[in-house]
Amino acid sequence: MSSWDPPLDIQAINTTGFLCSLDDQIVKFYTLEYGLLELPISDNGEKLVLGKWYSIFEGDYETHFDFEMTDCKVWANTVGQVFAQVMAIGPNEFALPREIRNKYRMAVWSPFLKFLDDKEDLFNSTFRGGDVGEVVVKFAPSKDHPTNERIFEVVRIVERETPPQNVAYARLPPWTMEFLVTRMEPVHVLHPALPIVNRYGLTVKNDVTVGICIKVDVNNPAYCAAVKGSLEKCGLLFSPKFGLTKWLIREMEVSKHVHKDKHVTGALRSTDEPSFKLGKWYKYQLRDNRHAKSRAQKFRSKTVEDLGPTDTVFYNTTAVQVKEVEPQKHTCLINGNVEMDASFAFNHKMLEDPENQEQPWEIRSQQLSKSAHFVDVDIGRVEIHPNDSQFILQKIEAHRKMLEEKYPNDYTHLKNETLIVRATVKVHDRFMENSEDYPNHGIFIVRKITSIFYLNRGKMIYDSEKEKETPNLHFEKLTL
């Protein structure tokens with residue numbers, strides 16, 4: 001555990017780990033969730049055997065007889081050394097940008113034991129970067145590395161006649177995760193023909209997407225009272241591919257059937273009612289009225305200057321073949337508004353010009369970016385209000401200042417580590433206007449910052465559940 005971490009509540013821990021070390025007073029277990037755990041020797045009479053798995057709960061432990069992990073075989077030799085056989089991977093330096101490549105050069109990582117200490121360069125001299133290999137490691141904490149990191153040393157390569165199978169779990173090492181979270185926006189390039197950005201383009205028949213229902217019972221802009229079956233109200237689906245799409249939900253009225261229990265009075269709420277569709281995820285296609293022969297010819301004859309609101313993809317398309325799918329993100333409804341959690345990598349330049357950092361907050365707050373945002377693969381661009389930008393910056397800067405003053409070794413090690421910000425996001429009040437200028441403006445906006453933590457090892461530096469204080473904001477409310 002890092003020296004600045006708050007102490008774990010051992011009584012609240014319920015996990016499984018193998019015994020790495022013991023003496024007359026302390027036992028040390030390695031666990032996937034918490035890394036190395038130290039507990040006082042218990043008087044429960046439990047026999048302690050190095051390399052065996054134990055259940056750890058309520059500050060105590062007992063042998064886990066039925067536990068077996070084939071991907072992490074553990075044993076001990078006769079002189080008390082603990083070994084493990086695991087899959088590991090090294091970075092493909094040719095596929096990484098310079099700053100990430102330099103940071104993780106010659107690293108070896110196991111999904112179970114995290115970073116491994118490869119003093120003899122056994123792994124990277126045997127396997128190509130990006131290839132998964134099998135190694136034997138021994139428990140060997142080193143003073144050269146921070147506590148609870150690189151506590152297992154590579155001692156032997158496991159030779160195999162064929163490449164290992166079913167090892168996809170080892171192919172998301174920290175350098176790959178860091179690449180993904182820090183490059184989400186550059187790789188989220190929208191093809192200019194997609195309906196979300198090409199407001200007037202003809203859509204592709206039978207094209208499919210997955211999106212979320214963000215509104216129900218809103219005015220249908222294409223409603224025509226003279227047309228039989230035209231609906232005055234509609235629902236709205238959103239996807240980062242199609243943008244906003246009208247959903248003509250036919251079940252707009254509450255069920256009128258009588259309940260079998262005669263004592264139940266009043267209309268019954270049907271689960272087909274639109275409100276039950278809010279926040280759910282659907283697979284759907286677009287029906288584009290402009291594909292009809294008569295309309296297509298008329299539409300194609302228009303010049304760019306002639307195009308108007310009734311020529312847009314949004315006006316002319318509706319969702320069809322709508323089928324509910326598994327949630328891409330867990331959602332909830334707060335006062336009828338859809339909310340969900342999303343996360344992004346902290347990027348100082350995204351929130352402000354780093355040179356403003358030397359200014360007092362009375363001045364600095366006015367210079368925060370009004371266009372700060374992040375990109376999420378499921379919901380596209382998400383706006384970050386300057387209030388939330390300031391909150392993020394204050395929390396991170398306070399944490400780093402504490403490390404620099406009290407734990408300089410940790411500060412040196414962690415100052416360049418990627419931080420992840422987790423937030424609750426909601427549908428933007430101006431979602432309709434923003435949809436007309438996507439991707440310059442997003443459909444969602446951050447409502448609340450819920451946590452900030454390190455990408456590697458997940459150490460928390462802010463948790464809203466444990467810290468209820470309100471940031472000291474020096475600026476007036478702004479509208480994005």
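In case you wondered, yes, glycine gets a Cβ from its N, Cα and C as well.
Taken straight from TrEMBL:
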DOMAIN    14-58  domain 'DUF7037'
DOMAIN    80-178  domain 'DUF7038'
DOMAIN    211-325  domain 'DUF7039'
DOMAIN    338-455  domain 'DUF7040'
Query - For the domain 'DUF7040' (338-455), residues assigned helix / strand / coil by DSSP - result: 49 helix, 36 strand, 33 coil
Report summary line: On average, residues of the domain 'DUF7039' (211-325) score a pLDDT of 79
**Report entry** Cβ-Cβ under 8 Å with the domain 'DUF7037' (14-58): same-chain residues at least 6 beyond its ends
**Finding:** 1, 8, 64, 67, 69, 74-76, 80, 82-84, 112-114, 139, 141, 147-148, 151, 457
Requested in this report: Give the residue counts of the domain 'DUF7037' (14-58) per reduced DSSP state, in the order helix, strand, coil.
Outcome: 0 helix, 26 strand, 19 coil
Query raised in the report: Which numbers of helix, strand and coil residues does DSSP report for the domain 'DUF7038' (80-178)?
Result: 17 helix, 27 strand, 55 coil
